[in-house]
Amino acid sequence: MTTAIEVRALRKSYGGTTVLDGVDLAVEAGTVTALLGPNGAGKTTTVHILSTLVRADSGTARVLGHDVVREADAVRAVIGLTGQFSAVDTLLTGEENLLLMARLRHLGARRSRARVAELLEQFELGDVARKPLSTYSGGLQRRLDLAMTLVATPRVIVLDEPTTGLDPRSRHAVWDIVRGLVRDGTTVLLTTQYLAEADELADQIALLDGGRIVASGTPDELKRRVPGGHIQLRFPTTGDLATAARMLDDSDRDDELLTLSVPSRGGVDSLRAVLDRLDGAGVEVEELSIHQPDLDDVFFALTGQKGTEG
Amino acid sequence: MTTLTTPAPASPRAHRSHALADSVTMLRRTLLHIVRYPGLSIFVIGGPVVLLLLFVFVFGGALGAGLPGTGTVGARAAYLAYVMPGILLMTIAGTAGGTATTVSMDMTQGITARLRTMAISRGAVLAGHVLGNTIQAFIAVAFVLGVGVLIGFRPTAGPLQWLALAGLLAVIAFAISWLAVGMGIQSKTVETASNLPLLLTFLPFLGSGFAPTDSMPVWLQWFAQNQPFTPFIETVRGLLLGTPLGVNPVLALGWSALIALGGAVWSVAIYERKSVR
């Protein structure tokens with residue numbers, strides 16, 4: 001296993017406000033790591049330090065072995081950043097934007113042209129390549145933005161909230177692009193406040209809250225860290241609820257909603273057992289639902305706040 | 001776990017050799033903007049032309065009569081000759097607004113941040129704007145001068161004076177462009193960036209552009225005689241019409257160097273800090 005991004009004890013504060021409070025992070029080469037956290041958790045600051053835009057107050061960050069401060073140019077040569085807002089030149093066409101990037105990456109005239117043509121096709125931008133950006137939708141601009149990041153085929157790509165503000169279709173298009181990049185061996189670090197996005201794309205998730213990594217692991221590992229699933233039962237009367245609560249151990253009753261929460265791993269057998277016992281006692285169940293822990297629960301349990309639905 | 005290492009591709013030498021190529025790339029981008037959006041150029045040329053026509057045909061008869069050594073006969077033509085250098089300098093000052101606006105747009109739209117994550121010298125990025133604006137200012141000045149000639153302006157300059165004039169105007173435009181870039185980086189919003197340089201277009205009024213400085217009250221005279229636009233205007237006037245140059249060329253070049261250096265140092269100093277928002 002090789003490490004593509006290595007962050008140690010990163011601290012940064014802006015005028016008395018601590019944004020990063022000792023962040024440690026390691027991203028394996030060729031994998032996707034999601035930096036998940038609510039607004040203001042320090043995601044963008046971490047990304048900015050990694051992409052040489054901002055200097056940390058203390059701690060180190062290395063990209064493919066290069067220190068982001070002492071070897072900034074070496075980092076810039078291997079990294080590609082797509083920021084939170086599309087960094088495109090709205091006065092040029094899509095093709096001109098890509099050519100600008102190719103020239104600044106010193107690809108040479110012929111290779112520039114070939115690479116731009118390749119990207120236009122890969123990102124399905126061929127039809128709009130010669131149109132001014134003012135005619136592009138948000139999703140198109142985002143796609144162009146990503147294509148611009150990839151002109152020099154960087155080996156490490158940092159995506160800061162790549163799908164924020166996109167419609168579901170464009171979001172899926174971006175996800176496909178990210179999967180394609182990883183297939184080709186690129187290392188991806190992405191920040192997101194969408195739990196579904198992290199679940200969908202990431203091999204590893206690092207949960208950032210208040211400038212610290214509060215948990216990290218694979219999506220499944222994180223899900224295992226919160227209390228297991230449960231069956232939720234709703235009864236027509238308080239009497240039924242009381243009877244059921246007496247019968248089922250460890251259950252959690254809510255008198256106002258007339259519901260009872262019963263711990264369960266979600267298997268069919270345990271479900272059947274609960275229903276059989278209630279049936280035997282003549283308790284009527286009005287509604288039943290099964291809850292599996294999801295990242296939302298993880299997020300809530302570990303950061304103490306509700307995550308954004310994604 | 002091992003750490004993957006790649007050879008450092010960008011030695012300082014390689015970096016320097018790319019600086020020129022990158023400047024050219026960024027200049028091409030600015031020129032493409034100018035070609036693609038002629039609206040901005042039309043505004044930059046149109047403003048001074050309207051002012052020229054206004055000052056010559058509406059105020060020119062009355063103002064010209066007040067110039068030393070001019071009577072009511074030929075007053076308008078005399079005022080056209082007097083006001084032309086001031087209008088040309090105002091044209092240069094007017095281009096600053098466009099540059100500050102584009103620079104500010106780059107900053108707010110995240111393009112500057114993107115360029116900073118690439119191995120490009122920051123000087124090249126800013127030089128693209130400065131050189132592009134210098135070229136645009138030069139073209140605008142030529143147009144406005146052309147309109148002046150059309151309505152009767154008759155310069156007495158010989159080939160050498162024309163050459164000197166072209167050089168001087170380019171130097172002044174270069175200096176003002178650096179100042180404009182600084183203003184664009186400093187401004188928090190695009191609106192501020194487009195308004196801030198308007199202050200520059202007032203300076204020809206508060207100098208020898210539209211009326212001789214001796215005709216002003218003493219306190220204003222002091223400012224008018226010691227601000228950069230007066231030696232700019234007087235040098236242009238001397239080259240175009242053969243009026244005495246005195247120390248004005250030296251002052252004009254000195255001010256240009258000071259403004260260019262100040263603007264460049266200011267721009268580079270705040271570039272990194274302001275490009276992350």
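Start at 1 and count along the chain as shown; that gives each residue its number.
Yeah, the Cβs are placed from backbone N, Cα and C, and that goes for glycine too.
TrEMBL lists B:39-274 with the feature domain 'ABC transmembrane type-2'.
According to TrEMBL, the feature transmembrane segment maps to B:37-59 (among others).
Taken from TrEMBL, the feature transmembrane segment covers B:79-103 (among others).
Residues or ranges marked as transmembrane segment by TrEMBL: B:124-153 (among others).
TrEMBL lists B:159-181 (among others) with the feature transmembrane segment.
Beyond its flanks by at least six residues, the transmembrane segment (B:193-211) meets 55, 63, 66, 83, 85-87, 89-90, 93-94, 96-97, 99-101, 103-104, 176, 179-180, 183-184, 186-187, 220, 223-224, 227-230, 233-234, 237 of its own chain at Cβ-Cβ distances under 8 Å. According to TrEMBL, the transmembrane segment annotation covers B:193-211 (among others).
Marked as transmembrane segment by TrEMBL: B:250-271 (among others). Residues 112, 122-123, 126, 168, 171-172, 174-182, 185-186, 228, 231-232, 234-235 of the same chain, all 6+ positions outside the transmembrane segment (B:250-271), place their C-beta atoms under 8 angstroms from a C-beta of that stretch.
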Under a criterion of three or more Cβ pairs within a distance under 8 Å and sequence separation of at least 6, are the transmembrane segment (B:159-181) and the transmembrane segment (B:79-103) in contact?
yes
